[in-house]
Amino acid sequence: MGRLCVICDKERAIIKRPKTGQKLCKECFYYVFETEIHNAIIDNKLFKKGDRIAIAASGGKDSTVLAHVMKLLNERYQYGLELFLLSVDEGITGYRDDSLETVKRNQQQYELPLKIISYSELYGWSMDQIVKEVGLKNNCTFCGVFRRQALDRGAVILNVDHIVTGHNADDIAETVLMNILRGDIARLQRCTEICTTGDGCIRRSKPFKYTYEKEIVMYAYFKKLDYFSTECIYSPNSYRGHARTFLKDLESVRPSAIIDIIHSGEAFEIKKEVKLPTQGVCKRCGYMSSNELCKACVLLEGLNRGLPK
Amino acid sequence: MSLLKIKLSFSGGIELLFDNIKQKSVEIPSSINPPNSTTMKDLISWMKDNLLKERPELFMSGDTVRPGILVLINDSDWELEGELEYEIKDGDDIVFISTLHGG
């Protein structure tokens, strides 16, 4: 099967891009992959010169590639950003402790300062302790709510302007599907935005919004990037898992499905009469919240009181 | 019948289904399904019968790998190599990477 790269017409193609069907050689693939991310950053004016940016780093494939690409683009295009790695230690033995070792290696490889912030120090509870208390049913809710806040609090400690996360096109399409299935209009509106800012809250963006997971994994493979890939021991059968399987099945029939779903999410318009919850702040901790108490404080109160067994 | 010696690699979390082995050299019949030469399709079902340790539904879907598992043949995307129809050659290096694990 003789096939040359459609861009340089010299080297052997090694990847078929899911988004375009283009057959590319290794070097042209790297170039296209990195340039698309650069374009997403520039077109959406994600950063300004001098910004201090925390890269949310879990040690997994997406954040490992993100740290690599952010450092590379910052140097190549002279963004003038000061980059940091920010990791959350949920306190999950046999999972997060191992993946944090990967983050520590990344810190060395990329020479970026690293801050690790733990659930234990922030909330007084590790995920191991929470699971002991609540079992395996709603534990992912705790973890998700706590992580979001933990990143914001870590960002305050690092005194950064902005957090970037490794959410990719597949993740966003998945979230669009989940929000439609749950009828969560407020989140459906927000989940496709490449950059979000809450009141008095740190900006967050997703430079991989248009980047397919397949390309992230292929990039990490060819570049031999060091990442960690074990499923969290506490999430064997989450709702997201089903949405993911469905999305992957769609993608195998029609690769554009992922971008199409993101586009559908963006195209939904909410009638003016529909009342969306207004953002306020939590009375107890001051974090943004649409209720009197933020979700983390409600969950913590339950934990500290001892839930009915 | 002759044998083909090939190298299989597993990463991205899929190694967990294969006894947590990341790399393995195996010998497979050059014609699993005589008189035809052994193809990727034959290899995948051979792997299921001979190597897979648990939960076949996480590896296969129908007669192919589950969507979300990337396959490379000699460091090239198998979508460029004919996927299931690719005929295995002696010395081939075949990589399976799961993209389904958290990032």
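The backbone N, Cα and C atoms fix where each Cβ goes, and this holds for glycine too.
Note that TrEMBL annotation is computational and uncurated.
Same-site candidate for ATP binding, as annotated by TrEMBL with A:ALA56, A:ALA57, A:SER58, A:ASP62, A:GLY166, A:ASP171, chosen from A:VAL32, A:VAL88, A:VAL131, A:VAL134: A:VAL88.
Taking Cβ-Cβ distances under 8 Å and a sequence gap of 6 or more within the same chain, the neighbours of A:ASP62 (ATP binding site) are A:GLY166, A:HIS167, A:ASN168, A:ASP171, A:PHE208, A:GLU213, A:ILE216. Listed binding-site residues A:ALA56, A:ASP62, A:GLY166 compared with chain B at a CB cut-off under 8 A give A:ASP62, A:GLY166 as the close ones. In the three-state DSSP reading, A:ASP62 (ATP binding site) counts as helix. Confidence across the domain 'tRNA(Ile)-lysidine/2-thiocytidine synthase N-terminal' (A:53-231), taken as the mean pLDDT and rounded to a whole number, stands at 92.
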